[in-house]
Each structure stands twice: as C-alpha cells, then as structure tokens.
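Among the features that TrEMBL reports, Zn(2+) binding site is placed at C91, C94, C131, C134.
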Amino acid sequence: MSGAEELLRSKGLRVTRPRLAVLDVLAAGGHLEVDEITRRVRERLDSVSTQAVYDVLGALSRAGLSRRIEPAGSPARFEARAGDNHHHVVCRGCGDIADIDCAVGSAPCLDPNTAHGFQVDEAEVTFWGLCPACQTRRRADV
Ligand SMILES: [Zn+2]
Ligand SMILES: [Zn+2]
Ligand SMILES: [Zn+2]
C-alpha cells in the first residue's frame, strides 16, 4: 500500500485512482492552480474531467489533506501542506507564492483586541512583496 493510499484510508476516504493521482501531484509541492493539477493528473490517468479534479480537491480539502488558498487577484490554488496554519508571501510582480511558517503554528495566530462577540478561529495572513527574480528585473529596468 502506498503512502497516499494510507493517507486516504486514515481519513476514511475511499481510495480511487483520481484521488491518488491528485495527491501525487500535490505531493510534488507548490501552490497549483486547478488547470495545472488537471494537466498533470492527465499525464497519469487517461481521462479525467476538470469537474472530477474539483470534486477530488474538495474531498481532500475537507479531509485536511490539501489546502485551498486564494490570494486577491489570483485563481484558487491548492497545496498538500495543510493543517499547520502556515502563511504565504505573494509576489506583486509575477504572482509567485512562497510559504512562510507561522510563528504560533495554530489558528488564529493573531489576537484581535476586540472581536465584537465573534468567536474567531482563523486570521488570514498574506504577505505581499516582490520576489527575488522580480527585484532583479526591476533593477535592470531602470
Ligand atoms: Zn515575482
Ligand atoms: Zn503554502
Ligand atoms: Zn501565524
């Protein structure tokens, strides 16, 4: 039994080829758009619809095996690194995304002075800036 199969079973999910393929694609790392995930899944399976990939990603996310992020101005992206409340830094130039460890490690890692009676369970932290490649490009442009 592969690690991906064990992972699915440990979450009570049925083991299917599309689920295994999507987990495999996500395990390679990065923050992938659905189109990219679908393209890579199709390299492994003969035919799989985009809708099927969406369905798999939904099931994996609900089970805590993948995480969905959606930075402003970017389509939704998925990653295998879930459950550690890490944050992201997004490049304003090219949209590249990198992980930033959460200093606290569990949500919500920021404590509002007043939550107006809300029970807060998450703070969505996104850092914005310029990636190294875009900084170089920008210096070369001037
Ligand atoms: Zn960049
Ligand atoms: Zn991430
Ligand atoms: Zn944090």
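Each Cβ is built from the backbone N, Cα and C atoms, and glycine gets one as well.
Provide an account of the burial state, proximal residues and distances for the features listed.
Sequence-distant neighbours of C91 (Zn(2+) binding site) (same chain, 6+ apart, CB under 8 A from its CB) are I97, G129, L130, C131, C134. C91 (Zn(2+) binding site) falls within a strand when secondary structure is assigned with DSSP.
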Counting only residues 6+ apart in the same chain, whose Cβ is under 8 Å from the Cβ of C94 (Zn(2+) binding site)?
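Counting only residues 6 or more apart in sequence, the Cβ neighbours of C94 (Zn(2+) binding site) under 8 Å are C131, A133, C134.
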Within the same chain, and leaving aside C91, C94, C131, C134, name every residue whose CB is within 8 angstroms of the centroid of the CB atoms belonging to the recorded Zn(2+) site, in sequence order.
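Checked against the 8 Å cutoff, the neighbours are R92, G93, G95, D96, L130, P132, A133, Q135.
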Report, as a single number, how many Cβ atoms besides its own are within 10 Å of the Cβ of C131 (Zn(2+) binding site).
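Result for C131 (Zn(2+) binding site): 18 neighbouring Cβ atoms inside 10 Å.
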